[in-house]
Number of protein chains: 2
Amino acid sequence: MEHVFFPPLSRVAVCGGTHGNEMSGVYMLRELKKRHIEQDGPVSLITVLSNPRAVESCRRYIDKDLNRCFTSQMLRQVEKNLGPLTDDTPYELKRAHELNAQLGPKGSQEAVDLLCDIHNTTSNMGLCLILYSADWIPLHILKHIQSKMTSTPVRAIFIDLPASESYSLESVGKHGLTLEVGPQPNGVLRADIYNLVKEAVELTFEFVQKFNAGHTFEGGEVEAYTMEDSVDYPRDPTTGEITASVHSELQDKDFKLLKPGDPIFKRFSGETVTYKGEELYPFFINECAYYEKKIAFVLGEKVKLTLPPISVQKD
Amino acid sequence: MEHVFFPPLSRVAVCGGTHGNEMSGVYMLRELKKRHIEQDGPVSLITVLSNPRAVESCRRYIDKDLNRCFTSQMLRQVEKNLGPLTDDTPYELKRAHELNAQLGPKGSQEAVDLLCDIHNTTSNMGLCLILYSADWIPLHILKHIQSKMTSTPVRAIFIDLPASESYSLESVGKHGLTLEVGPQPNGVLRADIYNLVKEAVELTFEFVQKFNAGHTFEGGEVEAYTMEDSVDYPRDPTTGEITASVHSELQDKDFKLLKPGDPIFKRFSGETVTYKGEELYPFFINECAYYEKKIAFVLGEKVKLTLPPISVQKD
């Protein structure tokens, strides 16, 4: 594939606490703030605690899920249709507006060059990057991290959406990626998970430094998972109450191929529910925040993407 | 030891959702309600969702920790000093009042004979009973469960308090015990943890049936842990912010003897903090809800208690 050139990554934002009970990002930011008082050469690092009120009360969000507020349409609605933000405006919409002003505006030349948002999951997903399949920069960051972290699998989920329709915070940057790391209970900081996040953030910085210094990142293949479908918990048709738990043979088996006939749920009345669909890879298995979204697990295909060699545009 | 006789355990209460984000109890109750429409012989089973508003919003509590509201003094305060309960009364104080009326009054002849309250922890504590060292009934239930569940260790924590000073819900019953089962993230239901809870509840019912039927439970020894001390996370003396995570060599090692020199914390700046105290057993290691209580882990001694044989009083 033909060599692709990008402008330097001069302004890099690291965000955490977008969900206020996912602790790795909250603590990572505190450390980054202490460390980067001395600037990192020509790169300006911006650290942002995205949802301070949710962090304060250790909840995912106050009024609504902040990480679903960043489609271009929602950002426009806040600015135009709602008029001035009032006390009645949901807190997260105000924060989306503020973050878009600070780190964007989304889709503009003023936006930060790279936005890395740190999340945790209660699912056994290890270190997982969520990124856009049409953007070579985060895909090369994935490849860089995979080549350096050999002790643990580094997986990725592709979001196949144009940036304008992407609802999550990292879509505000010119290039964006989410670190999704688990398993970690909400409100708890685990050292093992924190260390994975720290290593991934440092390798991202290393990539940025090398990229800006003129290093060519060779092309090649990366493997990742698409998001094809999701499966809800079995529910009582009358009350809507959940009537089964994720089966212990599926629990913690994120990214292990699911085949027809495999057990997926165990009803409280005793019976096992088996999988009826086509062979796909499950992830976000039994993620805490997805109960309210009616998702017991997400299903995806494993795909390969071929990357071109990239390097920085020379003046 | 001399044989001890007790009146029959005619009214048994099983409570869950005392902390609204601990899911095993919430789901266990739903199943018990379905199953016990047909009554269980001479035993009347009462199932209570202790904190429905906290369950609804999937939080530990709304205004204050319900499971700290049941000392005799606090229950009297609500009734006498505060006068009629108003909209300004913290929700959990109102619930404590209602639960005390429904399941107690604490210390009275009207109280339920046995109160079993189901909790979860994010700590790796497996199946653990919390009970009063001065009450033979729950101690014999512990011994019964230990003798039947051989696949997993069944541990116990003794609370050495007179019932009047006990702050937790199970102290409202004539006899009480708490099931504390983990690790499970808040807001998540794990099948493995649910199965432990279910087995323990069923063995408790089995004990009650046999006891009421006149079976003699032989004396013997049970082993358990006292609560001697607790250790807070290292904090910044100015801001109060936590500056270290629980060390990965201590994380998940609940009930494994801690010796002087063992690593207990890893500072974000890199250094390891080692343990300086006497040899004790840690538990509730990195429990989510204890961050706000300034407890990184609890320390206890392992002790043995000798139980007398017990059986039901004949008329």
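Using the three backbone atoms N, Cα and C, a Cβ is placed for every residue, glycine included.
Taken straight from TrEMBL:
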- A:Glu180: active site, proton donor/acceptor (ACT_SITE)
- A:His19, A:Glu22, A:His119: Zn(2+) binding site (BINDING)
- A:10-201: domain 'Succinylglutamate desuccinylase/Aspartoacylase catalytic' (DOMAIN)
- A:221-302: domain 'AstE/AspA barrel-sandwich hybrid' (DOMAIN)
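Known features from TrEMBL, placed on the structure.
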residue  : record                             : CB count, 10 Å
A:His19  : Zn(2+) binding site                : 26
A:Glu22  : Zn(2+) binding site                : 31
A:His119 : Zn(2+) binding site                : 25
A:Glu180 : active site, proton donor/acceptor : 24
Alpha-carbon spacing, A:Glu180 (active site, proton donor/acceptor) to A:Glu22 (Zn(2+) binding site), which is rounded to whole Å: 10
A:His19 (Zn(2+) binding site) in three-state DSSP notation: coil
Cβ-centroid neighbours of Zn(2+) site A:His19, A:Glu22, A:His119, 8 Å, sequence order: A:Gly16, A:Gly17, A:Thr18, A:Asn21, A:Ser24, A:Gly25, A:Arg60, A:Asn67, A:Ile118, A:Asn120, A:Thr121
Secondary structure content of the domain 'AstE/AspA barrel-sandwich hybrid' (A:221-302), with strand meaning DSSP E or B: 3 helix, 31 strand, 48 coil
